[in-house]
Amino acid sequence: MATVTTHASASIFRPCTSKPRFLTGSSGRLNRDLSFTSIGSSAKTSSFKVEAKKGEWLPGLASPDYLTGSLAGDNGFDPLGLAEDPENLKWFVQAELVNGRWAMLGVAGMLLPEVFTKIGIINVPEWYDAGKEQYFASSSTLFVIEFILFHYVEIRRWQDIKNPGSVNQDPIFKQYSLPKGEVGYPGGIFNPLNFAPTQEAKEKELANGRLAMLAFLGFVVQHNVTGKGPFENLLQHLSDPWHNTIVQTFN
């Protein structure tokens with residue numbers, strides 16, 4: 001008969017004394033020692049160590065050489081080799097950052113109005129009917145205006161990626177300018193609470209942005225399948241959790 005004893009470092013049981021590696025950006029490691037002790041005159045102990053290193057999205061799978069783990073959110077995941085070109089990598093880093101921010105705003109804009117309408121605070125259409133509303137201009141006119149404005153913004157953002165700091169000065173109102181900073185984190189008026197772009201904050205923002213992009217895709221697919229919004233689907237599921245599920249929906 002044998003007993004299995006698990007020995008863990010004290011830091012595991014004191015989460016307040018240390019932060020996870022993916023939050024701190026350090027090359028932290030997770031150590032677990034397992035000891036197997038046989039009851040008898042002679043006890044034998046064996047142990048092994050498991051290490052989770054920065055830049056390994058799957059432990060044991062080597063990351064590409066061009067992904068060193070120095071970037072926020074870099075876990076070595078690039079199966080198609082899209083970031084092998086350094087110039088492409090610069091663009092992908094900023095593209096993911098901006099799309100994640102838009103996704104977080106979009107998901108909040110899809111979910112919160114539906115929730116507030118359901119509880120009677122406001123009365124607005126669902127996100128999928130918002131385009132049917134009558135605005136101060138036609139939808140085609142608004143599309144053209146939006147296209148021109150976003151084209152201007154994206155051109156300047158690309159210039160900032162190619163030559164950091166080159167667009168900090170307002171081209172029209174010369175008295176306004178942004179402080180020098182890292183690309184993608186302009187500061188100034190875009191950072192009213194004066195949050196510092198620490199490695200921990202960058203990791204959290206990217207994690208939430210990636211989750212929001214998946215949530216946005218899920219909301220769109222969910223509506224195409226059920227014809228309802230995310231909050232309505234949640235309420236329907238909670239009313240009968242064993243029968244109102246994705247299984248019954250596809251059946």
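Backbone N, Cα and C define each Cβ position, glycine as well.
The phosphoserine annotation in Swiss-Prot covers SER35, and the record cites a large-scale study or a structure entry as its basis.
The chlorophyll a 1 binding site annotation in Swiss-Prot covers PHE77, GLU96, ARG210, and the record cites similarity to another entry as its basis. According to DSSP, ARG210 (chlorophyll a 1 binding site) is assigned to a helical segment.
VAL144 (chlorophyll b 2 binding site) falls within a helix when secondary structure is assigned with DSSP. The annotation chlorophyll b 2 binding site is assigned in Swiss-Prot to ARG101, VAL144.
Counting only residues at least six positions away in the same chain, no Cβ atom sits under 8 Å from the Cβ of SER138 (chlorophyll b 3 binding site). SER138 (chlorophyll b 3 binding site) carries neither a helix nor a strand DSSP state and counts as coil. What Swiss-Prot lists as chlorophyll b 3 binding site is SER138, GLU154.
As annotated by Swiss-Prot, chlorophyll b 4 binding site applies to ARG157, with the evidence given as similarity to another entry. Long-range C-beta contacts of ARG157 (chlorophyll b 4 binding site), restricted to its own chain and to partners at least six residues apart, with a cutoff below 8 Å, comprise GLN94, VAL98, VAL167. Look at ARG157 (chlorophyll b 4 binding site): DSSP puts it in a helix.
Summarising the annotation, Swiss-Prot assigns chlorophyll a 5 binding site to LYS204, GLN222. Residue density at LYS204 (chlorophyll a 5 binding site): 15 other Cβ atoms are found within 10 A of its Cβ, drawing on all protein chains shown.
Under a cutoff of 8 A between CB atoms, and with a sequence separation of 6+ in the same chain, the neighbours of GLU205 (chlorophyll a 3 binding site) are LEU97, GLY100, ARG101. If you look up Swiss-Prot, you'll see GLU205 marked as chlorophyll a 3 binding site.
The feature chlorophyll a 4 binding site is assigned by Swiss-Prot to ASN208, with similarity to another entry given as support. ASN208 (chlorophyll a 4 binding site) counts 16 other C-beta atoms within 10 Å of its own C-beta, drawing on all protein chains shown.
The feature chlorophyll a 6 binding site is assigned by Swiss-Prot to HIS237. Long-range C-beta contacts of HIS237 (chlorophyll a 6 binding site), restricted to its own chain and to partners at least six residues apart, with a cutoff below 8 Å, comprise ASN244, THR245. Under the DSSP three-state reduction, HIS237 (chlorophyll a 6 binding site) is assigned to helix.
Taking the Cβ of ARG210 (chlorophyll a 1 binding site) as reference, residues of its chain lying under 8 Å away and at least six apart in sequence are, in sequence order, GLY73, GLU96, GLY100. The two recorded residues, PHE77 (chlorophyll a 1 binding site) and LYS204 (chlorophyll a 5 binding site), have Cα atoms 17 Å apart.
When the Cα positions of PHE77, GLU96, ARG210 are compared pair by pair, the longest gap among these chlorophyll a 1-binding residues is 14 Å.
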